[in-house]
Amino acid sequence: MRSSWTPLGPPVSQDRIITSFPKWYTPDACLQLKEHFHSRVSTACQHRNTGTAGLRLSKVVVVGDLYVGKTSLIHRLCKNVFDHDYKATIGVDFEIERFEIAGIPYSLQIWDTAGQEKFKCIASAYYRGAQVIITAFDLTDVQTLEHTRQWLEDVLRENEAGSCFIFLVGTKKDLLSGAACEQAEAEAVHLANEMQAEYWSVSAKTGENVKAFFSRVAALAFEQSVLQDLEKRPSTQSQVGDGDGDLIRIEVPKTQENKRPPGLGCC
């Protein structure tokens, strides 16, 4: 019998449904150049055999200097608004954004951290367990780009080496054009390669590239979750959910399904 999942929570919005592997922003600084999901992931999704991928949230940590637009970026994604009356984040805040990837429910838990030095000790406690690190800077302020090195070091100090996807994101793209934008992006791409990060330019004000960027983040995190689950999967599977009522029912092999404890027979 083919396994299936039954969504019981609110439906995912249409622009959060991902059916094909999202493309990079620039091939000069991207984590993966491929254009399709891993074949094992595609097969698992087709058979709704993705294990705990629908159960887990991927933790995304967003860091960067004060006023680079971290909160505005997150609000554009989650609320589709741009805040003209900006208030600095105090400590940390987070949003949960639901996606459907190759037919499977999946969520990002996006942590918005304060850019002020005085809140660093508070925010650092929330860096642990990140699957994705987004280091944001202002495309119009080269100093904020230089500071991303330290922000990345701070987050990596709380996580295992090689365990996180790293993104370098230039904000306020709407304020630059032509040669000025090309120059700023060239410098950022150079740094992204040093960081082993994928680079994106976005605008929270206009919404340019915001949905595409987070779709890319979600797809990479989802694929990694499924592959990790396939590697450590036990012989018997069961039904799992994502905490919001989305269920994934995993098929149990017949050799296990039909086995009875000794001494038990049919009534």
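Positions of Cβ are set from backbone N, Cα and C atoms, glycine also.
Taken residue by residue with DSSP, Asp174 (GTP binding site) is part of a helix. There are 15 other CB atoms within 10 A of the CB of Asp174 (GTP binding site), with all protein chains counted. The GTP binding site annotation in Swiss-Prot covers Val68, Gly69, Lys70, Thr71, Ser72, Asp83, Tyr86, Thr89, Gly115, Lys172, Asp174, Ser203, Ala204, Lys205.
The Cβ neighbour count for Thr71 (Mg(2+) binding site), using a 10 Å radius and every protein chain shown, is 22. What Swiss-Prot records for Thr71, Thr89, Asp112 is Mg(2+) binding site, and it gives similarity to another entry as the kind of evidence.
Over the motif 'Switch 1' (76-94), the average per-residue pLDDT in this prediction is 79. Marked as motif 'Switch 1' by Swiss-Prot: 76-94.
Look at Swiss-Prot and you will find 113-132 tagged as motif 'Switch 2', backed by similarity to another entry.
Taken from Swiss-Prot, the feature S-geranylgeranyl cysteine applies to Cys266 (among others), supported by sequence analysis.
Summarising the annotation, Swiss-Prot assigns S-geranylgeranyl cysteine to Cys267 (among others) and lists sequence analysis as the type of evidence.
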Checklist outcome for this item: Neighbouring CB atoms within 10 angstroms of the CB of Val68 (GTP binding site), all protein chains considered, total 28
Checklist outcome for this item: CA pair Ala204 (GTP binding site) / Thr71 (Mg(2+) binding site), Å rounded to integer, equals 9
Checklist entry - Can you check what DSSP calls Lys70 (GTP binding site), collapsed to helix, strand or coil? => result helix
Item to check | For the binding-site residues Lys70, Ser72, Asp112, Ala204, the one whose C-beta sees the most other C-beta atoms within 10 angstroms | outcome: Lys70
